[in-house]
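> Straight from Swiss-Prot, here's the annotation block:
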- 19-26, 83-87, 137-140: GTP binding site (BINDING)
- 44-48: region 'G2' (REGION)
- 83-86: region 'G3' (REGION)
- 137-140: region 'G4' (REGION)
Amino acid sequence: MSNDQGSQFLRAPIVVVLGHVDAGKTTLLDKIRGTAVAKREPGTMTQHIGASFLPWKALEAVCGSLVSQIRAEVVIPGFLVIDTPGHEAFSNLRRRGGSIADIAILVVDVLRGLEQQTFESIDILRERKVPFIVAVNKIDKIPGWKSFPNTPFVESVKRQSEAAQLKLEELLSYIIQQFASLGFRSDRYDRIRDFTRVLALVPVSAVTGEGIPDLLLVLAGLAQRYLKGRLLASIAPGKGVILELKEEAGLGMTATLILYDGVIRRGDIVVTGGIEGAFSTRVRALLMPKPLDEMRSPEDRFLEVERIVAAAGVKLVAEGLEKAVPGAPLFVAVSEEEVGRLKQLVEEEISGVKFERDVVGVVVKADTLGTLEALVGYLKKQGIPIRVADIGPVVKRDVVQASMVKEKDPLYAAILAFNVKILPEAQDEAARHGIPVFQERIMYKLVENYQKWLQETRDAEVRKAFEKITPPAVVQILPGYVFRRRDPIIVGVRVVCGRIRSGVPLITKDGREIGEIMQIKEHDKVLDVVSEGAEVAISIRSKAIVGRQVKEGDYLYSNLSIEEINRLLEKYEKYLAENEKSYLRKLMRFKMGLSKEIEYP
């Protein structure tokens, strides 16, 4: 390392964009980058790998007259905006106990408010302790809104009709209520005095550019005022995170590295994490994108650099990167001796995310360390136990783990595969053992699908157990339909309440035991179960005689014990009709001696 090692400087804040699908994340990113480029100011946007650096000088021109609202001189060099919006990129910007992202823009559709993935985004931002501001997007879609392209929101809103302003207030009020239900105080940014206590809502249009100056201004103001300590970096051995891995022609496997502290040079020894654990390698090349006007061909896209200083996005070329995983930390080692210590550090960090435990729980597979960590956190919040959390495709061993769980609790014998393949032998093994594999590219849908299956399986098990209990049932012997008067009695009945099946014991109104139903027939067809309203012939194994102990027109009742009645009313109530519950309560009164006969119907 050079002799300037240790000197400190203020680096650019790392900014990430999150929000629900179709809220306009990509359009907003494009607009922010495009606006900076369009100004053609000195020090305009620099394209990094996996990120864009927006210098404050270029943004100052975009913000125009609004800049005077920042009471102090802006000292941050600009923003490093991560190019890929959404959960997955953010999940990979991980570091122990938080995120390397310094601040986030949460994009919300003004017409739809907070949605499923918005709530997920808020959860993950809270979990990783990342401050955020809210871009309330698509104001150009508000009925009656007149667009003024690239104008600050505070100027554009004054030029709107009263009706459009009222509609905006109504929509913002709903979003403010939604945030309040999550424990956040929020308000339109130009009405906030203390940004540490109130969440800033910035109305914007990613299409027309309205509100973009305001958004950048709030971002700069917050970073400047509240993140200064966090943004102190030093010319020391670099620290970063692998955002993604990509095969490049002529280069092999390369890593997109987001460097958040220090410096990395060509030839440095680096330590990172892989599927098999921590490993070290030497940097062969550091690549940055060539300016468009310097590209000779699609292959001629990169410019080799000697060193990179934080904060930056860079393409790293090194041996063995095919073993690495996105979301893994990467540290520069100053000597071979330090490699061991850094490997241990990386191992400790990875083992907190990847694990295997001897517990009854699901098997979780994800494509990156970041998404695995996010998914494990999400499942824990949902109260779903985890046996295995790992990176990579679903393999036969995962099915074996799930099969072991099946022996103890089939409800958790499942594999959740996020953005990964299922190898053919694993697919065959899962089919053979009846292990469900849930595969999805959207996290909440993956968990939702498993929870739906879990509920359906639970319901089916409860229903199965319910079917085995003597059902609540009342039948009436139809006058003129006595086919045999003594054992076995054969009579025509109408099912007045519940359902009957063979094996159901019947009693009279005063509790006399008549016998069990042997068979149910309708027009010579034998039936297993019949429900309320059916008229069928039943045979009863009985010592009673029709005309003596039981007569035509009499009601017969299914005979349940007090314990069975309690179990039905407590555990299976949702499967019972109102009249079945009514019958069971009246049967309970009779069984407890509170009535002389069954008072039903």
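Just so you know, the numbers here start at 1 and follow the chain as drawn.
Cβ coordinates come from backbone N, Cα and C, glycine included.
In the displayed structure, how are the listed features positioned relative to their neighbours?
The Cβ of ASP22 (GTP binding site) lies under 8 Å from the Cβ of ASP109, each of these being in the same chain and 6 or more residues away along the sequence.
Per-class residue totals from DSSP over the region 'G3' (83-86), listed helix then strand then coil: 0 helix, 0 strand, 4 coil.
Mean predicted confidence for the region 'G4' (137-140): the pLDDT average there is 98.
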> Would you identify the secondary structure of GLY19 (GTP binding site) according to DSSP, in three states?
strand
> Going by DSSP, how much of the region 'G4' (137-140) is helix, how much is strand and how much is coil, in residues?
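Helix, strand and coil residues of the region 'G4' (137-140) number 2 helix, 1 strand, 1 coil.
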